[in-house]
Amino acid sequence: MPDLPLAMLAELTHRCPLMCPYCSNPQELTARDRELTTEQWADVFRQAADLGVLQLHLSGGEPASRRDLVELVIAAREAGLYTNLITSGIGLTEARLEALNDAGLDHIQLSVQGVRAEIADRIGGYKGGFDRKMQVADHIARLGFPLTLNAVMHRDNLDDLPATIAMAERLGARRIEIACVQFQGWALANRARLQPTRAQVDRAKGIVRDAVEQMKRRLVIDFVPPDYYSDLPKACMSGWGSTGLNVTPDGTVLPCHAAQTIPHLIFERVTDRPLAAIWHDSPAFNAYRGTDWMPDLCRSCDRREVDFGGCRCQALAILGDASAPDPVCRKSPGRAVLDALLAEEGKADDTYIYRRT
Ligand code: FES
């Protein structure tokens with residue numbers, strides 16, 4: 001019997017005004033006419049709460065692109081879920097934020113692409129986006145929402161890390177999540193362009209160490225270093241099908257946001273089968289759950305229940321085999337492939353492949 005999920009990420013829509021080249025959405029985006037309706041999402045939220053989910057992350061795309069966002073928050077709160085809105089801020093007017101506050105929205109995670117308009121608007125592919133975002137941050141602070149700043153870092157903005165942390169404090173955030181880009185979806189297509197250098201990463205770790213010390217009790221700083229420079233894999237999703245699940249705009253239920261890249265798995269939709277049945281019984285959720293599926297190298301490792309073999313989608317993307325040990329692992333034969341990739345990256349030109357809808 002699997003554990004029950006604690007958190008659900010609801011990708012309400014893949015629509016987004018920004019075009020970030022590091023977007024983790026799939027390269028084949030779901031069209032608006034295939035999105036779940038308000039009532040269907042409300043039903044998913046009730047089913048999630050019945051299954052044991054406590055926290056609901058409303059994401060996208062840009063969730064504010066859904067006109068019914070306030071109704072969705074009301075439905076989630078009625079289901080008893082803690083609601084967190086993950087947003088670029090574009091599309092959130094002051095009146096809309098007030099309505100979200102009245103609806104009971106618990107928390108906001110605001111993404112930032114850079115600390116200056118020039119770089120932020122270039123990365124987001126949206127002129128004027130930075131200024132709009134700063135206005136939204138003011139409204140968020142005035143309404144008293146608990147705020148986390150989400151900063152996705154890569155080669156072009158990692159050197160601005162001190163200014164990024166200072167910006168979080170200036171905007172009144174309680175927490176900043178500094179996540180070096182994870183190479184899924186559109187980010188994978190831009191990997192060579194976005195991969196930070198080892199020197200940047202080493203500097204960033206020192207900056208974070210000092211900032212954590214200096215900002216104790218003022219700002220919580222969470223840092224996700226880039227995988228490829230680690231020696232040990234991370235426990236992706238805390239283990240496949242263990243504590244969290246994702247629902248895509250058309251109701252497809254996934255163990256992680258990139259799972260659909262694994263071609264031999266069939267993912268079911270919550271419109272066809274109850275969420276609990278999918279969680280407990282679907283072959284896709286059971287494919288990499290626990291330790292039974294592991295190759296010998298992982299099964300005999302004393303970290304098998306620490307990292308659960310790492311990231312299946314990464315093993316597929318780099319080695320072409322989703323059941324191979326995560327190539328980040330120093331003990332894995334796939335590590336040589338990853339090192340060869342790293343040696344080539346950094347030589348890419350200046351061009352981003354922007355996300356397109
Ligand atoms: Fe799918 Fe890591 S992103 S298992």
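Including glycine, each Cβ sits where the backbone N, Cα and C put it.
Remember, TrEMBL labels are computer predictions, not curated facts.
According to DSSP, Cys20 ([4Fe-4S] cluster binding site) sits in a coil region rather than a helix or strand. Under the heading [4Fe-4S] cluster binding site, TrEMBL lists Cys16, Cys20, Cys23.
Look at TrEMBL and you will find 2-222 tagged as domain 'Radical SAM core'.
Neighbours of Cys20 ([4Fe-4S] cluster binding site), defined as other CB atoms within 10 A of its CB across all chains, total 23. Cβ-based neighbour count (10 Å, all protein chains) for Cys23 ([4Fe-4S] cluster binding site) stands at 25. Apart from Cys16, Cys20, Cys23, the residues listed for [4Fe-4S] cluster, the same chain places the Cβ atoms of Leu18, Met19, Tyr22, Asn25, Gly61, Glu62, Ser88, Gly124, Trp186, Arg355 within 8 Å of the centroid of those Cβ atoms.
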